[in-house]
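Copied from TrEMBL, the annotated features are:
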type: DOMAIN; residues: 344-456; note: domain '1,3-beta-glucan synthase component FKS1-like'
type: TRANSMEM; residues: 499-518; note: transmembrane segment
type: TRANSMEM; residues: 538-557; note: transmembrane segment
type: TRANSMEM; residues: 569-589; note: transmembrane segment
type: TRANSMEM; residues: 666-688; note: transmembrane segment
type: TRANSMEM; residues: 733-757; note: transmembrane segment
type: TRANSMEM; residues: 1491-1513; note: transmembrane segment
type: TRANSMEM; residues: 1548-1566; note: transmembrane segment
type: TRANSMEM; residues: 1637-1655; note: transmembrane segment
type: TRANSMEM; residues: 1661-1684; note: transmembrane segment
type: TRANSMEM; residues: 1766-1786; note: transmembrane segment
type: TRANSMEM; residues: 1826-1848; note: transmembrane segment
type: TRANSMEM; residues: 1869-1890; note: transmembrane segment
Amino acid sequence: MSRVEDLWERLVRAALRGRAPGGGLYRQPETGLAANVPSSLGNKDIDDILRAADEIQDEDPNIARILCEHAYSLAQNLDPNSEGRGVLQFKTGLMSVIKQKLAKKEAGGIDRTQDIARLREFYKLYRQKNNVDRLREEEMELRQSGVFSGNLGELERKTVKRKRVLATLRVIGNVLGQLTKDVSAEEAQSLIPEELKRVIESDAAMAEDTLPYNIIPLDAPSLTNPITSFPEVQAAVSSLKYFRGLPKLPGTFAPPPSRSLDIFDFLQYTFGFQKDSVSNQREQVVHLLANEQSRLRIPEDPEPILDEAAVQRVFLKSLDNYIKWCNYLGILPVWSNLEAVSKEKMLLFVSLYFLIWGEAANVRFLPECLCYIFHNMGKELEEVLRQQVAQPAKSCISGSDVSFLDQVIHPLYEVISMEAVNNENGRAPHSAWRNYDDFNEFFWSLSCFDLRWPWNLTSKFFLKPTPRSKNVLKSGGGKRCGKTSFVEHRTFLHLYHSFHRLWIFLFVMFQGLTIIAFNHGNINSKTIREVLSVGPTYFVMKFFESILDIVMMYGAYATSRHLAVTRIFLRFLCYALLSVFVCFLYVKALEDKSNNDNTSVVYKIYVIVLLIYAGAKFFLSVLLHIPACHRVSDRCNSWPLVGWMTWMHQEHYYVGRGMYERASDFLKYMIFWLVVLGCKFSFAYFLLASINPLADPTRFLVNLRIDQYSWHDIVSKNNHNAFTVLSLWAPVLAIYLMDLQVFYTIVSAILGFLMGARDRLGEIRSLDAVQQLFEKFPAAFMNTLHIPLPQRESVQSSGSGQVVEKKKTDAAQFAPFWNEIIRNLREEDYIDDLELELLQMPKNSRSLALVQWPLFLLASKIFLAKDIAVESKETKDSQEMLWERISRDDDYMKYAVEECFYSIKFILTEILDDEGNNEGKKWVARIYEDIQGSIANKSILVDLQLDKLPLVIQKVTALLGILKKDQTPDLEAGAVKAILDLYDVMRIDVLSINMRDNYETWNMLAKARTEGRLFQKLKWPKEAELKAQVSRLYSLLTIKDSAANIPKNLEARRRLQFFTNSLFMEMPVAKPVREMLSFSVFTPYYSEIVLYSMSELLKKNEDGITTLFYLQKIYPDEWKNFLARIGRDESTSELELGDNPNHILELRFWASYRGQTLARTVRGMMYYRKALMLQAYLERMSAGDVESGIVGNETADVQGFELSPEARAQADLKFTYVVTCQIYGKQKEEQKPEAANIALLMQRNEALRVAYIDEVESLKEGRVHTEYFSKLVKADINGKDKEIYSIKLPGNPKIGEGKPENQNHAVVFTRGNAVQTIDMNQDNYFEEALKMRNLLEEFNCDHGLRHPTILGVREHVFTGSVSSLASFMSNQESSFVTLGQRVLANPLKVRMHYGHPDVFDRVFHITRGGISKASRVINISEDIFSGFNTTLRQGNVTHHEYIQVGKGRDVGLNQIAVFEGKVAGGNGEQVLSRDVYRLGQLFDFFRMLSFYFTTVGYYFCTMLTVLTVYAFLYGRVYLALSGVGEAVQTRADILGNKALTAALNAQFLFQIGIFTALPMILCFILEQGFLRAMVSFVTMQFQLSTVYFTFSLGTRTHYFGRTILHGGARYQATGRGFVVRHIKFSENYRLYSRSHFVKGLEIALLLVVYLSYGYNEGGALAYILLTVSSWFLAISWLFAPYLFNPSGFEWQKTVEDFRDWTNWLLYRGGIGVKGQESWEAWWDEELSHMRTFSGRVMETILSLRFFIFQYGIVYKLNVQGDNTSLTVYGFSWIVFAVLIVLFKVFTFSQKISVNFQLVLRFVQGLAFLLAVAGVSVAVAMTSLSISDIFACILAFLPTGWGILSIACAWKPVVKKMGLWKSIRSIARLYDAAMGIIIFIPIAFSSWFPFASTFQTRLMFNQAFSRGLEISLILAGNNPNTGI
């Protein structure tokens, strides 16, 4: 029975813990009874009590029972009806455990009246058993003795034990106190005497550091955390204390007993801020103040006081945006005079602002709204201070409560969330609802004060919108408040609206160049007069822009500022009048010219008007955009005329003011663009089929008369061949608009390459370079990454005699850092133990007067030197020649010889102890004096027998081999014998000197040797330093193999090369850790993989491949290193590791560190803390710190620096890591493995903080009520979550885009001056973390007119080695994040934030809306908007390449395509955004060009590239089908017009591939060297990278265009796993059908039509040359997904794919069926993006192009002869209708025809026979030929698709007409046909086995070159033989 009870209790415990019972092989060890208390109970005490019960369960189950019962009673009191979510289950489970404990007791029951006494006695017993009084003393003794004495583990153990014991005692003490409240006072006094109470209180005080806190224990001062002893922290804390001017708080408001009242308590009482929010912001302000103070100076007073300068800096930085807002609106801030504001007042205002910000939730996205709130609350605060009476603020009073959240934030949140609901999850038009920007921009005008204070909730601003109409054809909504300042209408016209200056410039230049070309390049008065026609063009285009201003503002007039609306209409009126006036003048001028009036007055007036306008515009541009003129501009603005002109010229916003750069910067990017534009216009005018070459052919075509057309001509007659001219010029115009992107790419790539070379990138790009330059690394390290050392400077300045001393000093300082880098490489399994030994650097202590270098530099050098020495004896070289040969080619051989020489002397001197007579030491001294004398006399070859050197080395090696081991009598005797042997060899064999000069010494030694007492007493090496020297010298004398290829691992090499290269790059001087800027790292996480489980690692795919097997083959060396690290044999399999749970856990981490997991990211980011601890620790040592126990300048072992309390505290003050795991609370409740893994990461990383959103459900009045809390947790000493802060939110925080909302809720928990944004697919490296403090100093460096606000950081894409596709993606990404961003930051000054690991100025950004934007859909590319926002708010974005962060990218084609589609869709949304509009309007012209071509312009030009192909091919098809092409070509041949022939035959698809690849090539050359770069590039070509890049061109074009037309952009989870699985045909078809296959087939169809009907006098060769690139484009789009599909050409898989595809195609689907299961469901999903009326109209217009095929081809049929009447076309429609009827007959619904199957089959058979008979008769009796039949198919297929596309666009209408099922049947037929066309070549290729082999080699070539077994991976170690 007892076993059953035990099992039951175990089951219940497991349920409470949220873990399954049992302990499988791969489970986490069970950790006890403590449960996750339901968050709805909201009580931390219950969890603490249960943890204590778990702790003492084994010691006294009865006490555990008492605690459990008390926890149950607490839960019952909090929620008696169990209404909260999970409460009932929790209480039921807890009661079950209690009952089981009762059942175990002996019969007779339990007397609960004795519970207090039992608890009291247990308290005493537990305290005595654990010797609490002694615990604290032992810990302090250990600390005082120096934690560096080897007791690090013991100290950690003691600390953890003390914390656990005191935490348990505190809980028991609290329970005792609560239980005694239920008895009388007398009884309580007898149960708990006063003495015991004092003990309990004392223990509780000691346990205060076990209370939850984040970084600085403010509410619970820690006795052990040294952070509170830092003077700067003490000064910051004391500065917040209650000051004299604050009213006294009532006695009912009491702070914690551990601290006194402060200004935060006052603000909490006044405004009703939440307690945890106040605690959070108190720590934030203390943190900011302490760090600011440390940068000024470290206070040295006994009671540190904060400098006023530190307070002022924090004040001005934090409230800078508020001050600017007040200035913009022309109102006074809360303070009337800033200079009169006291230090205390400044702190009060800063604290108030941060409290408002900390509790604002989603309102944090509205920075100016926060300014408004602060402004009004500040006034309330001033009033309270004036009255000197503490009372709640009126704005926050709600009945009897005071709540800032409920009264101030909740009304705002409610209206924002209602508007967000109205966006219908992103499906509604942007113009139909207000986003975050609309709400915020309301506060950019004085009308915001109409909202009054407290809020006037009847204001229109707070109007909640009514739900929109569900009618898809209606776009209108219900009653709502309009948008503010800007409306995001969905139209391509935004591109013109935002960048009208670019388009006007391009079109005006095109017009001018064309006119010059038509005038044969002659510049005369006629040409000038015609060129001046650009004037009307300019004004008409400006007029069009003013029309767009009016149209685009529709929907925002009611809420916009009247001045802004007035400006729009005034501009419209001005440009309307100017357009009419200028056009009239020009026309009149032309008329005068035709009347031969050369001195026309009108013409002169026209020129004067243009000059006046141009002068005024130039003047305004200079004033607004040239930096030097801004002071003048500010003065001139006060003049009415100039002010009016500038207002008309450029709209004024709160953002975007002062967006100008320094004159030198302006000059640099202006010159850059002048070069680009010069290249562009030269190319456009002179080269290929551009403007000048087309002038004569155009003139010929305009004058050409064509009388005969192949078809019934409607549009071509009597219009001077306009369509022919259009077909000729359309591709040219498209290229003209697009090629500027190409020239930008070329020039920026060259400039980026030169800048990278200037910055010394890629100087160290091989191991050979690392080894050759290694001796320069210590000095370079000291100059860059180490803080300046005064003693080093003094050595440096004392002359050349101290060079060695300086080198040794540098090496000693460099060694700990280098060794830690190498140790981390070993921990990461990139190197093995031997490589670890070879790569580590000696400490370079004072024992040897030379620099000791790592063994990998010196390995085998002794043997080479020995051989040279022996040879020199034979060749009779001189001593100089011998030394010159040793040191000529390799300095490290010289260093090895010198070190060996001096090390032997040092070791022998140390170990020889001849009982005080020093005979041994004298022998050593004599030998060395003689050798050095020989060297000085240059007679070493005479005095020493160098041919005996091998014998000497042998004897020394034998001695060292013995000394390496632990001392034993036998070994001691062996060592003596070895030294005697060495003595004999040296005296007899080696030395040839005259011993008479030192007769006494040698005689003494000989006598001692004869008597047998020489060397008999040895001092065995026991000191660590001596042992290390012995071991090192032994290795130096025994390693015969060269270490030139150490390390072998490519990743280890890359990292060491980059790190050492960066030491020579320019970077700011490092500040000491204590003075550096503080920073946070911030990682958003949703539900991605945290840590691979064993089941995931061992799960087999369809080929029998497991992820672990794949990793073992991809990283074989790292797998062996891992096994060695955990002490296993390299042949050990993963299953054999199951006998050790720790090894299984290590295996899971090993695999996870090679994927894109959260575990990898956390490990990488925690290197920052590790680096800071090492730096802080060594800085304290070099300063002679008391803790270190050593004097400065001495070098000590840094082992255990991570356990130094001071180093940890210093690192924690400077670095915080917050992972915002949005649904962690839900994952815990649902017992997801992700939650357990996140908890495990917190246990392994004590500084890791996890923020999440907790949903608490409870029943109120019979309805489920959900409350949301933002929580921050860390791991406690028991490894469980410890809640630090819990801040209530006004509602569900996710009302916009998920990622930025996730970041926003948790950003309040970040700390410091900076924050680095890191995605969860990123990594970091210890050696790079060492540079972080240098990078942070960039914030204070000169990078232009303004200090940087975002520091761009270089990335390394670590997924490039997985496959060829991954390498393409990696190379493309690498060239952008290095070379591309280098140029964007400088000189172009338009670098934004691209979702990379950039470092933000934290205070700047959190006071200006945060680090991203969150409005639904429009901000789907949320990261880049932070760059836009920064730039608009006068920020500065820089880029730095001496530091890098790892990043994972997608590795499979489908993943890559989805990612690129997401980015392209995001860019489509950016086109519509107000940020892009304002930047396009407010940048100066050249910076606007940079911005356009590096953001949305890149995607538009990509789309233009594809449109160029369409324009070219449709033009060709028009010429072919109309017959114009043949007529023109014939006429040209007759007239000998070669220019026209060339123009007609030109290849209009300009081959831009090689030019767009230029950045990648130059990036390769810079960082790999020319030869390796060329090899890499050629390899990529053989791997068909061009096919991939062409394919991605289609991806970007499709999603960018579709998003602007229809919307539908959404976040795509691309997946970050290892892609080695075969993708099914149907899956590829679903993903690429509309984006690539349809367009690819359309291009192929155009090419076939042109081949069939076009005229080419050059024949097949001319056709091939003309269309080869178009065919390549079509084939790439059709077959790339299958070409890059693993096992894409395996016959078995091909068969399976076809079966799967047909099943998918024919499955009808139904409700709830997904697109991957049924074609019908997928088709409906594909059409879901067409929702707007304008989108349907545009889709219809675009679909009309498909009807040209039928119209043209029917006139080419043999059956119609020369008839070109419309009757032929009409008859073709009758035939088409017959085909549709036949199709309906054959696809008649079986469900409907179930009752007359026989009749249906008869009709179908008859119809088939009649159709065949009809076609046969037509062929036999008429001119209809077989080719005509195929031609008809060619004609009708596009027509059917066009009808289908239009029907899909108008789906609601077609459904109402009852035709939808027919349309769906036709669509299925088309998809089936397209699938077959694509599938046939794949099936054909699959017949040939070599195709699959070739494809595998193609995809995994890089892996093959590294000796990987991809073929084994694809075949599987357990091959699927069942197919």
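Cβ from N, Cα, C; glycine included.
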Rounded mean pLDDT for the residues that make up the domain '1,3-beta-glucan synthase component FKS1-like' (344-456): 89
Under 8 Å between C-beta atoms and at least six residues away from its ends: which parts of the chain pack against the transmembrane segment (1826-1848)? 1638, 1642, 1645, 1648-1649, 1652, 1727, 1730, 1739-1740, 1742-1750, 1752-1754, 1756-1759, 1772, 1775-1776, 1779, 1815, 1819, 1854, 1859, 1863, 1866-1867, 1870
Report the DSSP secondary-structure composition of the domain '1,3-beta-glucan synthase component FKS1-like' (344-456) as helix, strand and coil residue counts. 83 helix, 4 strand, 26 coil
Ranked by Cβ pairs within a distance under 8 Å of the transmembrane segment (538-557), the first of 499-518, 569-589, 1637-1655, 1766-1786 is 569-589
Any chance the transmembrane segment (1661-1684) and the transmembrane segment (499-518) are in contact, meaning at least three CB pairs closer than 8 A with a sequence separation of 6+? no
Count the Cβ pairs between the transmembrane segment (733-757) and the transmembrane segment (499-518) that lie under 8 angstroms and are 6 or more residues apart in sequence, then report whether there are at least 3. yes
For the transmembrane segment (1637-1655), give me same-chain residues lying six or more residues beyond its boundaries with a C-beta closer than 8 angstroms to one of its C-beta atoms, as numbers and ranges. 1506, 1509-1510, 1513-1514, 1516-1517, 1519-1521, 1525-1526, 1529, 1594, 1598, 1629, 1663, 1667, 1670-1671, 1673-1678, 1749, 1752-1753, 1756, 1831, 1834, 1837-1838, 1841, 1874, 1877-1878
Of the listed stretches 1491-1513, 1766-1786, 1869-1890, the one with the highest count of C-beta pairs below 8 angstroms to the transmembrane segment (499-518) is 1491-1513
